[in-house]
Amino acid sequence: MQGIWTTERIRAAERKLLAVTPDGALMRKAAFGLSVHAAKMLGAPSGRRVTLLVGSGDNGGDALWAGFFLRKRNVAVTAVLLNPDKAHPQGLAALKRAGGRVVPVADSPQWIRKADLVIDGIVGISARGSLRPDAASLLEHIKAPVLAVDLPSGVDPDTGAIDGPAITADRTVTFGARKPVHALAPAACGEVFLVDLGLDLEDPDLVRLEAEDVAACWPIPGPSDDKYTLGVTGVAAGSAVYPGAAVLSAGAAVYATSGMVRYAGPAADLVRSRWPEIIATGSVTDAGRVQSWVVGPGIGTGHEGREVLATVLGAGVPVCADADATTLIAQHSDVLDARDPDTPLVLTPHDREFARLMGSEPGKDRVAAARACARRYDAVVLLKGHCTVVAAPDGRAMVNTPRGSWLATPGSGDVLSGLIGAVLAAGVDPWLASGAAAYVHSLAGELAAAGAPTSSSGILGAISDALRTLHWRKS
Ligand SMILES: NC(=O)C1=CN([C@@H]2O[C@H](COP(=O)(O)OP(=O)(O)OC[C@H]3O[C@@H](n4cnc5c(N)ncnc54)[C@H](OP(=O)(O)O)[C@@H]3O)[C@@H](O)[C@H]2O)[C@@H](O)CC1
Ligand SMILES: [K+]
């Protein structure tokens, strides 16, 4: 698992380390790492032009020191100082000593435009609010690839929110530890690299699953397993109007594991004809025993849907309540009375469903919003978005960062619900199950798309390919 820490925690760890480290040593270590990445981005660095955008804090200091190291490799370095009186004194002196050029904002456009690489040292972890106008004015001249120092300036370090002009980096080099911005604003960060500073950090505020974490928890059959031992997934989805939701959700459960899938609802004929391996009936009351329920996609928000939801919540097995089930829970909080408080519940809202559950949309801090919702409903909350946040009632939170936006297609959520249900049925911790399902879902989306838009059926068809990659990594 990849750990992510808030800027407050990182600053506290940095203070402890700075107290026992020679003056300036950490910054030079950070800046040297930065200069190595800059050189890689330039290809053959000698004779190339790099322009540094230098703010008044230590982020600008990092950029100036990186400029110093690049000068040693014969790079032509120009530093644009946003506030010449406050530029990091030692960094500025070192750059000047090494033959770097220093220009004020007024003279900067030409130097920014003709750079081969721009290094963004405007602000780092102490950034507050949107970029100020003078800093923002530099952005329009950028033509070259951008290397962000610690984080792309203009993006909130702790929430990844972008409220105004912001740097879009091709690469971000961060120091000490990953910050929330790197998981929550992937498009602004580009590829993120970490320079280790030896910070003493434990118990991350946020985590991101890696392939081996997903492989380790995913239910894979062993020699003694049969169709029942990996858990039977029940899917209560679809209606006469929306039978497709049932086909997608139940189909995802079929592909996710080798355990059995039961379907209950009005789309039984269609589900049976599409997935002959599924045992399909018309009603949840005669569905037979299952180890988890997926309920909601396409069931409607009327009386019938409410009855189905109440039955499923009272079944004493983990439930993934998705789509219409979320709306029903928001509208009729008493429906949760049917739930045994010891059985896990997973809610999977998008922003509008979240607003129904919580009274307002998640806002800028999506991690805090998901945590609050998880506490309120005593449920795992998987907050859908470009980056999916999964929070547990005990405060654990993780982010799934996709590599594209291929999942934003109709029916994609139905596929995700089936994946969650199948992993829940195997008895995996519901927070981990939801995060692992989100990971496999986005990987399947990426594989199905392969660089061009795909469909939910395409994502469904790529689940096996996604899982196959995990197994290879595991073995
Ligand atoms: N500590 C360490 O061990 C190490 C730290 N390291 C580095 O230090 C960085 C943190 O440095 P930091 O704390 O000096 O603050 P930082 O983010 O550079 O600048 C904040 C200043 O910018 C301004 N400003 C604020 N908001 C703004 C806005 N919206 N738009 C425009 N300007 C704005 C404001 O200045 P003002 O003009 O108000 O005086 C404020 O004071 C960290 O990200 C990493 O890169 C590495 O060297 C590794 C070792
Ligand atoms: K920056």
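Keep in mind that glycine also has a Cβ here, set from the backbone N, Cα and C atoms.
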Of Asn59, Asn400, residue recorded by TrEMBL at the K(+) site of Asp120, Ser153: Asn59
Same AMP site per TrEMBL - residue from Gly413, Gly418, Gly421 joining Lys384, Gly385, His386, Cys387, Thr388: Gly413
Those binding-site residues in Asp120, Ser153, His350, Cys387 whose CB falls under 6 A of ligand 1, listed in sequence order: none
Rounded distance in angstrom between the Cα atoms of Gly61 ((6S)-NADPHX binding site) and Asp120 (K(+) binding site): 11
Of the binding-site residues listed as Asn59, Asp120, Lys384, Cys387, the one whose CA lies nearest the CA of Arg128 ((6S)-NADPHX binding site): Asn59
Sparsest-packed of the listed binding-site residues (Arg128, His350, Lys384, His386) - C-beta count within 10 angstroms: Arg128
Reduced DSSP assignment, Gly413 (AMP binding site): helix
Separation of alpha carbons, Asn59 (K(+) binding site) and Ile125 ((6S)-NADPHX binding site) (Å): 8
